[in-house]
């Protein structure tokens, strides 16, 4: 399926998501550094943990709101406030102001608005696609996601230290542009709206997610993806710490590659492979049975990260990081499309918000690997990650299998 054949809403969603993710990638990696410099490490850490909790809550609220009301209106409101918050952050950084509390307030509201809009954006792409073209569009989304993260991180890295004000000014203008695109080109598709079951909005939200929790096949799939995502996210957690401590530096001429640089090489390798090979791998997998190729992709992905978790030789790290990325390219777009097909038409926003737990939970498992790694040897950590991935593969397989059986009935 070519770009010109994509529905208009899909084009709008893919392009605005690209810039939204680039915005986040340009800012989020540096927030810990910013608040630690302005306050202290304990205060900064406490504040950032608070924002994670806020993000989680507003993501769930956003899923409910996206199903109850117009998705276009929700995206317009959230993108408007995102632009205003970036403007406030820019003003707070001006030398004559430098109001850290204003920056912190704006950052919290930005966290709220961005979390509110993510479920609507995910639901939007499902509304505008069919099971036949969904894999093609999710492949494009996966490619754009990785490209936007790479570009955003690069822009943030170049401008954050010496051009903070200019960075946030650029982000403000991009946010305004996203608002204009939503207003001009996004259309509300006719769809069933979620009915309110309780007068109390909070009770209604809780009831809505209780219904999602009763969808056993979907819950099993989300838990499985939580374990699968944990492996990749461990790269910048336990594996990063291990490489910094244990990696034997190598030299190319006078240029030294120590642990942190080796980690950067692995991340760049991952990004380049995704950008260069996503569509090629997608075409190759089209000729195979979906569920079988998902299983193959997960096995390849798992094998790669099990080795990377404990390996030290640079060539083994690069090769098995390549293996893991190829596995991800095989399974990820197909699983995303299959997961989307499991979402009821009137609850897509809520299901998309719940599905985000697959990433959030994986991130928590990955962060906890740093603590577990303090008590285990690297080879034991490989076994641990292998066990987590195996559980993930079994759960993903079971979740998709239950869905297939239900559909056949």
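Cβ coordinates come from backbone N, Cα and C, glycine included.
It is 167-186, from the ranges 167-186, 187-206, that TrEMBL records as transmembrane segment. Across the domain 'Major facilitator superfamily (MFS) profile' (1-404), the prediction's mean pLDDT works out to 86. Between the transmembrane segment (74-94) and the transmembrane segment (167-186), the number of CB pairs under 8 angstroms, six or more residues apart, is three or more, so the stretches are in contact. Counted over residue pairs 6 or more apart, the CB atoms of the transmembrane segment (357-377) and the transmembrane segment (317-336) come under 8 Å in fewer than three pairs, which marks the two as apart. The transmembrane segment (218-240) and the transmembrane segment (100-121) are not in contact, since fewer than 3 Cβ pairs between them lie under 8 Å (pairs 6 or more apart in sequence).
Proximity of the transmembrane segment (12-36) to the transmembrane segment (142-161) is established through 3 or more Cβ-Cβ distances under 8 Å for residue pairs spaced 6 or more apart.
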